[in-house]
Amino acid sequence: MDDNDQVIFYPNQGVDPHNRCCGGSMWCIQDICGIICAIFTWLLILYAEFVVTFVTLLPCPYPIFQCVNMVIFQIFAFLAMASHLRTMFTDPGAVPKGNATKEMIQHLGLREGQVIYKCPKCCCIKPSRAHHCSVCQRCIRKMDHHCPWVNNCVGEKNQKFFVLFTLYIAAMSMHALYLCVSQFVWCLHSEWKQCSWYTPPATVVFLIFLGFEALLFAIFTLVMFATQLQAICSDETGIEQLKKEEARWMKKSKWKSLQAVFGRVSITWLSPFSQPAPKIKVDNYLQV
């Protein structure tokens, strides 16, 4: 059976307090380490916003340079934050707990000799290419890895948002690094006169810290972005590559694999507000 024709069954069940909040209406992992990492990520973005806006751009005497770079940076920052929130609060493709019951197995209408797998940790019928996450306490379809920076697994339903998050953070970081260098050169050229609203020592501290942050995150997210694209194009998740699992599925071409994650080619590939239509049929009365 081809992956695109696969039918996965999920039973109705109560709200899992570990995975959901707001009365079960929103996916959110109740993990202290992940929540701290996510908040720290937001604080770093806010720090970059502060330094770029109030240390490098607003004191700039060149209106065109100021406006163009302000617009570019704010677009990158907004898209990075939106991508992070979508990754964090989107169900990555969790398989419901406890659906490996006799009744549910009978409902599947299995053919003679057909094998199904059961996860011993969350007692679910384990779909092909699903893996159990000890942090999420659920099996996740096409799980790539669990990322504490987004306090969620990266899986079938939110991989697009995670890829966009790494892309926009990398773009934002490189732009911030360029503005830091430009500001430092300008201050040296003007002998620190009227190049900043702050004292020279404070300005240097702000620029050095932002430069270090931008360089570190640019390298990290570019590597992660390239790794994600490689995994998508090879139709093999990070955890499958790590475990060197034998491919029991029909691998898609690179182009089909990209479309499976991002949807049909359009400007929406770059939008964290658009999600590709699912290609796996799910019975309505069996959804989470």
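Note that the numbers count up from 1, one per residue, in the order the chain is shown.
Every residue gets a Cβ built from N, Cα and C, even glycine.
When pLDDT is averaged over the domain 'Palmitoyltransferase DHHC' (118-244), the result is 90. Residues annotated as domain 'Palmitoyltransferase DHHC' in TrEMBL: 118-244.
Here TrEMBL flags 35-57 (among others) as transmembrane segment.
TrEMBL lists 63-82 (among others) with the feature transmembrane segment. Same-chain neighbours of the transmembrane segment (63-82): 42, 45, 48-49, 52-53, 57, 164-165, 168-169, 171-172, 175-176, 179, 270, 272-273, counting only residues six or more beyond its ends whose CB sits under 8 Å from a CB of the stretch.
Positions annotated as transmembrane segment by TrEMBL: 161-186 (among others). Through the fold, the transmembrane segment (161-186) approaches residues 45, 48, 51-52, 55-57, 69, 72-73, 76-77, 79-80, 83-84, 86-87, 90, 144, 147, 150, 154, 195-196, 203, 207, 210-211, 213-215, 217-218, 221-222, 224-225, 228-229, 232, 261, 270-272 of its own chain, all at least 6 residues removed from its boundaries and within a Cβ separation under 8 Å.
Feature annotation from TrEMBL assigns transmembrane segment to 206-226 (among others).
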